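Novice: One structure, as structure tokens, below. Some questions next.
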Amino acid sequence: MALYDVPAPAKINLFLHVTGRRDDGYHLLQTVFRFIGFYDTLDFDLRDDGRIMREGQHAGLDAEDDLVVRAARALQHATGTKRGAQIRYTKRIPPGGGLGGGSSDAASTLIALNRLWQTNLSRSQLMRLGLALGADVPVFIHGEPAFAEGIGEVLTPVSLPERAYVVVQPAQSVPTQGVFLSPELTRDSPSVTISVFTDWYTIDAAENGNRVAGFFGRNDLEPVVLAKYPRVKAAATWLAQQGLNARMTGSGACFFVEFVTIEQAAVCQKQIIGRMLNRENDDAAVIQNAWACPGLFEHPLRHWTSS
């Protein structure tokens, strides 16, 4: 028995406000998560000896640092199953980019192994397991665009219009923990309501037709990252010089530009790649890669779990 080419999509944060900090150090957030059509992929072969074995780009990573292995072991522990898995995975989502690649890999592992091992945990049970692995893991198991509060685990589905995105990777990655520890981080943004966000998005879509007017709110982490990481700041400056309204996702380092259609996004992505490859344009060297991606209305594995 096996499951091959299991997708683990990236996410973007359409806005991200830091509204407080708990006594245990975790930050209180408000954000909207959207999945995009940009994926890592995983293969799972059933093992009957209970072992979790890894192959692929991260096979040399310590198991304690590998969220995929930790997710598999968490499911074994929670269910008591004696089954194991041979896991191969191919990374496309850049680490340190704010796109949730590691969390998405962990979530897809929980969903896929729950199916392969026939352990039959519900979506809410898998989400509780995921939260112990990381604050962003539950939203990938939740499986829908969501307005998130708390530390990111209080999720309310939101309806979003059709959109496409160009995701831009600067030539520098950003470790999440250092951003949240920064004394310069704003931690008292006023709370917003879901209706304020959805009303803004609805009005923007109705009034602006085939173009995107701007972004809702802000990303409170972005000023901290731009101050600490010069190549990320240089990438943001370069994007602005191209006339692109870009926002950082998560704790960075990646930015996204929003479009109404995937055709518009593809044109923009090709222009960025062309300027990157033009050796006479040294300023574009601060960009490492760019991808055109559709916004997703649901996670591709959403129907693999029951409510």
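Using N, Cα and C of the backbone, Cβ positions are placed for all residues, glycine too.
Given the structure is predicted, the values throughout are model-derived calculations rather than measurements.
These came from TrEMBL, pasted as-is:
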ACT_SITE  Lys11  active site
ACT_SITE  Asp136  active site
BINDING   Pro94, Pro95, Gly96, Gly97, Gly98, Leu99, Gly100, Gly101, Gly102, Ser103, Ser104  ATP binding site
DOMAIN    67-143  domain 'GHMP kinase N-terminal'
DOMAIN    213-268  domain 'GHMP kinase C-terminal'
Novice: For the binding-site residues listed here (Pro94, Gly98, Gly100, Gly102), which one has the lowest count of neighbouring CB atoms within 10 Å of its own CB?
Specialist: Pro94
Novice: Which one is it: of the binding-site residues Pro94, Gly96, Gly100, Gly102, Ser104, whose Cα lies the shortest distance from the Cα of Lys11 (active site)?
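Specialist: Of all the candidates listed, Gly100 is nearest in space.
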Novice: As a test of reading the model: what is the averaged pLDDT for the domain 'GHMP kinase N-terminal' (67-143)?
Specialist: 98
Novice: Would you count the other CB atoms within 10 A of the CB of Asp136 (active site), including those on all shown protein chains?
Specialist: 26
Novice: When you measure from the Cβ of Lys11 (active site), how many other Cβ atoms are you left with inside 10 Å?
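Specialist: If we count other Cβ atoms within 10 Å of Lys11 (active site), we arrive at 28.
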Novice: Sort out the sequence-distant neighbours of Gly96 (ATP binding site) for me: same chain, 6+ apart, CB within less than 8 Å of its CB, listed by position.
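Specialist: Listed in sequence order: Ser173, Val174, Pro175, Thr176, Gly252, Ala253.
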Novice: Using a 10 Å radius around its CB, how many other CB atoms surround Ser104 (ATP binding site)?
Specialist: 27
Novice: For ATP, what surrounds Pro94, Pro95, Gly96, Gly97, Gly98, Leu99, Gly100, Gly101, Gly102, Ser103, Ser104 with a Cβ no more than 8 Å from their Cβ centroid?
Specialist: Ala10, Ile93, Gly250
Novice: Per DSSP, what is the residue count of the domain 'GHMP kinase N-terminal' (67-143) in each of helix, strand and coil?
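Specialist: Across the domain 'GHMP kinase N-terminal' (67-143), DSSP assigns the residues as follows: 46 helix, 7 strand, 24 coil.
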Novice: Report, in whole Å, the straight Cα-to-Cα distance of Asp136 (active site) from Gly100 (ATP binding site).
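Specialist: The Cα atom of Gly100 (ATP binding site) is 7 Å away from the Cα atom of Asp136 (active site).
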